[in-house]
Amino acid sequence: MRLILLSGLLLLGIFLANGDEVDPDRKLLNSLIDALMHLQREFANLKGSFLIVHKARSFGSGSERMYVTNKEIKNFEALRQICEQADGHIPSPQLENQNKAFANVLERHGKEAYLVVGDSANFTNWAAGEPNKAAGACVKADTHGSWHSASCDDNLLVVCEFYFML
């Protein structure tokens with residue numbers, strides 16, 4: 001009996017003495033778990049911050065779409081490429097408040113910009129005498145948000161539209 005007790009104590013002593021030693025794979029796994037938990041917290045914080053900014057921008061403009069310029073002046077094809085590379089779109093206001101948000105950007109910069117008008121558009125804001133096919137195949141908005149026919153070769157303010165499905 002004493003032999004069993006001594007053997008048990010000896011094993012316990014060895015276990016306690018080596019208790020700080022951790023299997024390297026287990027140590028790596030624990031490190032990865034900690035890193036993943038940290039990334040999850042950071043992602044949640046980033047998502048929360050993004051939603052706050054998006055809601056504030058939407059509240060200020062009355063639109064779920066954001067219209068952003070890089071202040072460059074380009075033709076229609078260059079605009080299309082720039083917006084596509086930025087994961088955005090050429091502006092296509094579908095509602096009056098969206099057109100107003102777009103026009104606010106143009107007014108701030110004192111420039112005109114391209115937009116796209118769909119064939120089935122429920123909302124339009126053509127200026128008097130427009131559309132005028134003779135002026136060009138593209139459409140531009142002035143600083144008041146009125147739409148005009150334009151040449152696709154005109155160099156206008158680069159504005160891209162971003163919208164989010166939340």
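For all residues, glycine too, the Cβ spot is worked out from N, Cα and C.
Listed in sequence order, Y67, V68, T69, L79, I82, C83, A86, G88, H89, I90, P91 are the same-chain residues six or more apart from C160 (disulfide bond) with CB atoms under 8 A from its CB. Swiss-Prot lists C83-C160 (among others) with the feature disulfide bond.
The disulfide bond annotation in Swiss-Prot covers C138-C152 (among others) and is backed by similarity to another entry. Secondary structure at C152 (disulfide bond), taken from DSSP and collapsed to helix, strand or coil, is coil.
Confidence across the domain 'C-type lectin' (46-161), taken as the mean pLDDT and rounded to a whole number, stands at 91. Residues annotated as domain 'C-type lectin' in Swiss-Prot, with sequence analysis given as evidence: 46-161.
Residues annotated as N-linked glycosylation site in Swiss-Prot: N122. According to DSSP, N122 (N-linked glycosylation site) is assigned to coil rather than to any helix or strand. Around N122 (N-linked glycosylation site), the same-chain residues at least 6 positions away in sequence with a Cβ under 8 Å from its Cβ are Q94.
Look at Swiss-Prot and you will find 1-19 tagged as signal peptide.
The least crowded of the disulfide-bonded residues C83, C138, C152, judged by other CB atoms within 10 A of its own CB, is C152.
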